[in-house]
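Participant: Shown below is the structure under consideration.
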Amino acid sequence: MMESKQLKWVYLAVLALVWGSSFVLIKKGLIGLTALQVGSLRIVFAALFLLLIGFKSLFKIPKQKWKYIALTSLFGTFVPAFLFAMAQTEIDSSVSSILNSLTPLNTLILGALVFGVGFQRRQVFGVFIGLLGSLLLVFNGAMNHPDQNYYYAILVIIASICYAVNVNLIKRFLSDLSPVSITTGNFLVLLFPSLTILYLTGFLQKFISKKYKRLFCLS
């Protein structure tokens with residue numbers, strides 16, 4: 001039992017590391033790519049990986065559930081992927097990650113108002129403390145970096161609302177499916193739209209340029 005609890009803490013630490021580093025990597029990706037290209041590439045790479053490990057799980061999704069898979073892919077991945085990339089063209093990755101902590105609050109609010117989900121006082125209290133801390137950190141960042149356009153932070157807030165909608169949709173309509181099935185289904189739905197965006201934004205032309213050819217050879 002003790003080993004199981006320790007393993008969960010390890011999983012949590014790894015998840016925090018991966019999740020937190022994603023904001024830094026988005027910022028790095030924006031150096032040579034547009035926001036649309038960064039968002040699309042994140043989806044494409046994730047889709048290819050998930051299809052390798054979770055393709056068989058797609059057959060466990062009933063036909064009537066695919067409309068909810070498509071809906072959760074829109075709110076849980078597609079829209080936020082581009083909003084975060086667009087926001088980080090003007091604000092720091094640290095601010096973006098801090099604002100993303102609004103997701104639990106938005107999940108509680110939307111769950112109660114739209115989906116009729118109950119919550120406990122301690123949940124509200126905990127989320128409120130987190131919200132207060134986030135606002136203080138963002139305000140401090142705005143004071144120390146007046147050159148940044150903090151109106152773009154609104155895009156991150158919208159993305160956190162999308163995440164909240166996604167959580168409630170999964171809880172209401174897809175709770176009987178495995179996380180692997182849901183996630184793989186989400187990215188399968190988004191794979192072709194993302195490839196289309198990459199084509200329309202001229203990414204393929206950039207990829208085959210001399211600069212990218214040298215990069216490909218080195219890799």
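Sequential numbering from 1, following the chain as shown.
Positions of Cβ are set from backbone N, Cα and C atoms, glycine also.
The annotation domain 'EamA' is assigned in TrEMBL to 9-138. What TrEMBL lists as transmembrane segment is 9-26, 32-54, 66-86, 98-117, 124-143, 149-170, 182-204.
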Participant: Considering only Cβ pairs under 8 Å, which range in 32-54, 149-170, 182-204 makes the most contacts with the transmembrane segment (66-86)?
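Facilitator: Counting Cβ pairs under 8 Å, the winner is 149-170.
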Participant: For the transmembrane segment (32-54), could you work out the same-chain residues 6 or more beyond its ends whose Cβ comes under 8 Å from its Cβ atoms?
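Facilitator: Result: 26, 77-78, 81-82, 84-86, 88-89, 180-181, 183-184, 187-188, 190-191, 194-195, 197-198, 201, 203.
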Participant: Counting only residues 6+ away from its ends, which parts of the chain sit with a Cβ under 8 Å from the transmembrane segment (149-170)?
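Facilitator: That would be 68, 71-72, 75-76, 79-80, 83-84, 86-87, 89-91, 95-96, 99-103, 106-107, 109-111, 114-115, 117, 138, 142, 182.
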Participant: What counts of helix, strand and coil residues does DSSP assign across the domain 'EamA' (9-138)?
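Facilitator: Going through the domain 'EamA' (9-138) residue by residue, I get 111 helix, 0 strand, 19 coil.
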Participant: Kindly state the mean pLDDT of the domain 'EamA' (9-138) in the predicted structure.
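Facilitator: Summing pLDDT over the domain 'EamA' (9-138) and dividing by its length gives 85.
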